[in-house]
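Engineer: Just passing along the structure, written as structure tokens.
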Amino acid sequence: MQNRINAQKKINVEIRIKPSIESSLDTTNTSLQVGTKKYHFNKVHITTTQKQLFDYSVMPLISQFLDGYNCTVLAYGQTGSGKTYTMGISHDDTSGIVPQTLGYLFSKDCTLTCTFIEVYNEEVIDLLTEHKVPLNLRDNKGDVIVAGVREISLNNINESLEILKKGCLERTTKSTKMNSQSSRSHAIFTIFFTKNNITSKFSFVDLAGSERLKRTLCTGDRARESISINGGLLALGNVISALYLKKPHIPFRDSKLTRILQSCLNGHVLMIACVSSLHTDINETNNTLKYANRTASISMTVKRNVEIDVSKYELIKLKKQIITLTNENQILKERIKKVNYANVEELIKENRRLKNMIDNEISNRENSNKSEDLAQVIVKHPFVQNLMNENEQLRCKLLEQENCKLKFNDVFKENNVQDNLEKVQNVNESNSLVSNLQDNYVEDNCIVNKTLRNNIQHDILNKSKNDTINKKDDIINKSKNDTINSEKDDIINKSKNDQINKKNDILKSKNSEKDDILNKSPKSNMISWCDNKNINNVSKIPKRVTFDISPPKKKSSLWTPRKERVLMDTSVIDKFTGYIAHNMVIYQNKLVFSSFDNKLRIKDPNGDVYDLFTDTGIKCIYSDDLIYYSTRMILKQGDPRSKTVMPVYAYKNEISCIFKNEYIIFTGHEDGTLSCVDLRNISLQSDKIHSSTIFTMELLNNVLYTGSRDHTIKGNVFNINQSVNNNFINRKTLYPPHYDAVHSLLNYKGDLISLSRDCSLKRWRDGLIIKTVPNAHSSWIKCGTSLQDCFVTGSKNGTLRFWDYCEDSVFCVGSYKTGQINCMVKWNEGVFVGSQNKEIVYLISKYKT
């Protein structure tokens, strides 16, 4: 049986003052006055040592803890007031409450286990595990438990202090103006006691100190941490006020800190309010004392667990062991699978390849032996021998006929050439007869021109005659040596001789006519005609005028205008609405996109859209054989075929971009860290290469380029053949940088294109700047992608622009207007574009013909 004894008891509140030279507080052993306000508490520690504080305040709780009651010690106060020192939750101090409690309990031979968690930026982190993965809170029969927290057994005091030290080193601490080692999280160290069928827990809560940004001068991440700390403390103050006023609803669910403390306030509670005695901290001290005074008036129910049934206790213990062993078994299975998956797959593929090679070799040998035997039988057959002999004879006859045909073609071609010369000569004769009908003056001029042409033609004909005669002799000599019929040779020679004689007669008659005409025409007339004619022709020659249509070049000109303007036609092929796409990838010829409702969706080529995965905080996506995406600090992989999701790695910082090359996954993080994980053995290499968020990555010629919020682009030489620890050989920064954050990097025609928030784009080649387009858009350039004939950029104001190269220049060849652009991805010849107006369009742009 399980018997509980319930009673009401007020929370015990004690004040511990941090000593200083100048004190502005009037104190006694039980009271404290700040200005005109006076507070009364159970105890005010002014010069109390750590040992005295433990003996006076904590020892009564330990006796209750060993008797089966749940106990809690809570340290509350402003930053730098000594809360962590009082609790002893630090790696370099063993005089606090927690180390002294552990030492006393081990002196009593107690069986103890412990957990150690922190609440950082509203996330519950286990400090006793290697991976800082956020944990969830679950309700279990009225109690709030942390699901997945690691519970460690404590065997002796030295081991316990080492575990405490390890957890303290993992706790988040940073330096501020008011405290050089300020705790940036709420830490909760819990001890579980089991003896003689009695269980109880002792919780030590070290709250982060309340801060004012005006005094701490925190900026950036420190400021966000301060806001989160103050938010948790504000929720705790609201819970204290509601308990003080006895309201029907207590807002425990306003914060994860208050939900965890809900399970700690069901027993004996001691609050130690740490305050500063300095006059500059008077406001924070007054607020701390006000909440401490309210807490002292709150009554809580005290429960004692007594005589737990042995069978139930053993059943609970066995269930815990089963759960623990199941989790360990699952972890080991996943680890073995990750380590051996690549090797097993390679061995299977190699085995199949060798088996196929052996089977092919055996079949080839059998076929070759059979074919050789069959070929020998066929060749020896008499019918086949006769066919082979006849085929050889026919081939010889065919070659002889081909030779004869070629020789005849050469002869007939020569005859055609001479016929064409005759036609040309006849045309010239007809032109001369027509010209004789003109008047004498014009006739003389035409005769002179004709005479000049005839002289030239005469030379040409003489030359052609000689060539023809030489060719004829060669053909005749060759024909005599060949086996061509003699009758054909006679016919050819006779026809050639007749044609040549006829040509010679015509040439002689033309030459005689030319001489007669020249003798009749006086030389003086010829000369005067030539002079007058030349003068007239000079006056009639048209002048050639040229125009330079290119704009004048100025010394102050910063660009060279293009000679022509080429535009592209952009057409919308497909469009569907209702989704605000945040990231896009193409997986197996299908569009996969994430939206702001924490869902991954896929679009079939038929146009159907359905949900793929649902996860909290999906930010980055990358597709390969699987789909990889990030949820804050965790990288996951999903298989759309089986719709299963598995974690790949849990990082220390939030993931901002993903890139994969074969079996290496690169991740960029919010703090400027570039991480590299080898999927074969899950080994990690990290290096902080930027001073701020890495937005984009692009691999070009074995160089991984990264663009960051710090305006810079860095090239990291990458070697896929080496181990992950030697992947990055060296690193260089591209100069000059952008004037704002670099949002996207593209690879177009072997050159690197960088797109920036300063509205400009840059073209790089081998790490050197080629071209800068300062005002590529009128607003931020958010994304871009490369197509076959151009590359596309999209801006915040909804403008799409298409760009191309002309030598070293970059120019715009087309544009399109849509809503505010969030993302885009290439598919086939076009591009999918997701915009803020809940539209996803598919565009194709082609050059005008």
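Glycine too: its Cβ is placed from the backbone N, Cα and C atoms.
Okay, these came from TrEMBL:
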type    : residues                                               : note
DOMAIN  : 10-298                                                 : domain 'Kinesin motor'
BINDING : GLY77, GLN78, THR79, GLY80, SER81, GLY82, LYS83, THR84 : ATP binding site
COILED  : 315-404                                                : coiled coil
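Can you tell me where each of these features sits in the structure?
Structural biologist: Across the residues of the domain 'Kinesin motor' (10-298), the predicted structure has a mean pLDDT of 84.
Secondary structure at LYS83 (ATP binding site), as computed by DSSP, is helix. When other Cβ atoms within 10 Å of the Cβ of LYS83 (ATP binding site) are tallied across all protein chains shown, the result is 26.
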Engineer: Using a 10 Å cut-off, grab the number of neighbouring Cβ atoms around the Cβ of THR84 (ATP binding site), all chains included.
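Structural biologist: Looking across every protein chain shown, the total is 26.
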Engineer: Using Cβ atoms only, which residues of the same chain lie under 8 Å from GLY77 (ATP binding site) while being at least 6 residues apart in sequence?
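Structural biologist: The list for GLY77 (ATP binding site) reads LYS83, LEU207, GLY209, SER210, ALA273, CYS274, VAL275, THR288, given in order along the sequence.
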